[in-house]
Amino acid sequence: MYNNSMKLLFLSSLMMGTILSISSNNWLGIWMGLEINLLSIIPLLTNNKNMMINESSIKYFIIQVMPSTMLLISILLIQMKYMIWWEKENIPSMMIMSSMMMKMGAAPFHFWLPEVMGSTSWMNCLILLTWQKIAPMMTLSYCIKMSSFTFTVILMGIIVGAMGGLNQTSLRQIMAYSSISHLGWMISSMVISENTWELYLCIYFLLNIAVIMMFSSMKLFFLNQAYLSGNLKMEIKFLMMLSLLSLGGLPPMLGFLPKWIVIQSLIDNNMTTIMFLMVTFTTITLYYYMRISFSAIIMSHTENSWLMGIKINKSKMILSTMTTISMLGLICTSSLMLFY
């Protein structure tokens, strides 16, 4: 009872910190909201029964303190109007962008994200991949503009997300590298339009919830567990495959819709080079999703009889609903756009 009430308390303050940050009209309010958010998630990441989870929470805290300090220094420099050439070179703006990218785990400031996610629970992974992205993304949107720095960050995000996930066996780290790749797409859409990246973020949240709930209910943490899950019914494996392919952005799934909009917007803004590179490297990301899903269905293994009793009936209805949404989402949306 005490544990649940503590979680509820810190979840409430976590949400309050994010809401304070995105609704503030000054930099100091944004910084305060991010700090409340950080101090609220640390107790949620800790677990007295598992020292590895405690280690990940300490890593997360140390890493997050650095961008908070950088953001505060940038705010002070902007307020002091310190040295005119700083403003000309946009250095305070680049410092704020770098600090926000480090907070949400975008490349090239991504090294902490797979490490922290690799040793925490699926529910904590869900918080890190969804809610913890909102405030830094909103802050980043205030000062971002297309430059060589932004171009490099977008490309690095998609390349690191594609290459990093190829050699992984941990599903949590694969989801982390997938998040790094999606952040590259979101930052590119942020340069074009506010509505585009907000739509991308909402769809990304929905698909992440579907996939992580599925992995959590099956208690899958590594690739070999997906291969050995022959005791699960074929329809559950099929739902898992559809959710993963939708998260990877395969048409006609819902996950392709935001990518489609971003590709169209980039072409309209004469950014065909970056669009071509993004699409090319995203196909590698789609490959390791397909490796998980097809291997789980095709590969057959002998299993012990005491492993035959995994029950996921409670979440089956939710999983089916969310997978159906992700499968039919693009078709329904395209039909509405045609009628409109």
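Heads up, the Cβ atoms here are built off N, Cα and C, so glycines get one too.
Keep in mind it's a predicted model, so treat the numbers as computed, not measured.
For 1-21, the entry in TrEMBL reads signal peptide. Per TrEMBL, the feature domain 'NADH:quinone oxidoreductase/Mrp antiporter transmembrane' maps to 24-285. Residues annotated as transmembrane segment in TrEMBL: 60-85, 109-131, 143-162, 199-218, 238-262, 274-298, 318-339. Positions annotated as domain 'NADH dehydrogenase subunit 2 C-terminal' by TrEMBL: 286-336.
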Problem - Segment confidence, the domain 'NADH dehydrogenase subunit 2 C-terminal' (286-336), expressed as mean pLDDT - result: 63
Practice task
Name the range, of those listed as 60-85, 143-162, 238-262, 274-298, that has the largest tally of Cβ pairs under 8 Å with the transmembrane segment (109-131).
Solution key: 60-85
